[in-house]
Amino acid sequence: MLAESFRPFNSSAISERAPISPAQYQQYYQQSVQDPAAFWGEHGKIVDWIKPYTQVKNTSFAPGNISIRWFEDGTLNLAANCLDRHLATRGDQTAIIWEGDDPDQSKHVTYKQLHHDVCQFANVLKGLGVKKGDVVAIYMPMVPEAAVAMLACARIGRCTR
């Protein structure tokens, strides 16, 4: 029976490893609700921007014209933020842990290796003539190479489906 197999997790073990305390979380939450522009403006500095934003949010809740836009005048690259900015300090650390259906099948990919593979595949895509505005369809199983393909598309500014 399901109820008999249920084991509650040890929340104190999770709390000890959490990057913020419950009190800090509540403080962040209150800041995000009371002054979202200031809160997200500060947190927007965590990522690297190609063109920094000057306006954090642009919202309209007018009837028939609901619009919510964040950092709309800024430009960033997802792949650069996921990989490049970590190379100097975390290059040899694991970026992806993959485990297959077979328990003996696993793979650890470092930031450096992932960066290399992403750049290599991005160049393959460019060599195939994939250009701005093209949509790339990725149909792959959940393997590290799927992340490589998605990040390669992001690196060269292509949409994925």
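Using the three backbone atoms N, Cα and C, a Cβ is placed for every residue, glycine included.
No curator has checked TrEMBL annotations; they are predicted automatically.
Annotated domain 'Acetyl-coenzyme A synthetase N-terminal' per TrEMBL: 25-82, in sequence order. Residues or ranges marked as domain 'AMP-dependent synthetase/ligase' in TrEMBL: 84-157.
For the domain 'Acetyl-coenzyme A synthetase N-terminal' (25-82), the number of residues in each DSSP class (helix H, G, I; strand E, B; coil) is 26 helix, 14 strand, 18 coil. In terms of DSSP secondary structure, the domain 'AMP-dependent synthetase/ligase' (84-157) contains 36 helix, 13 strand, 25 coil.
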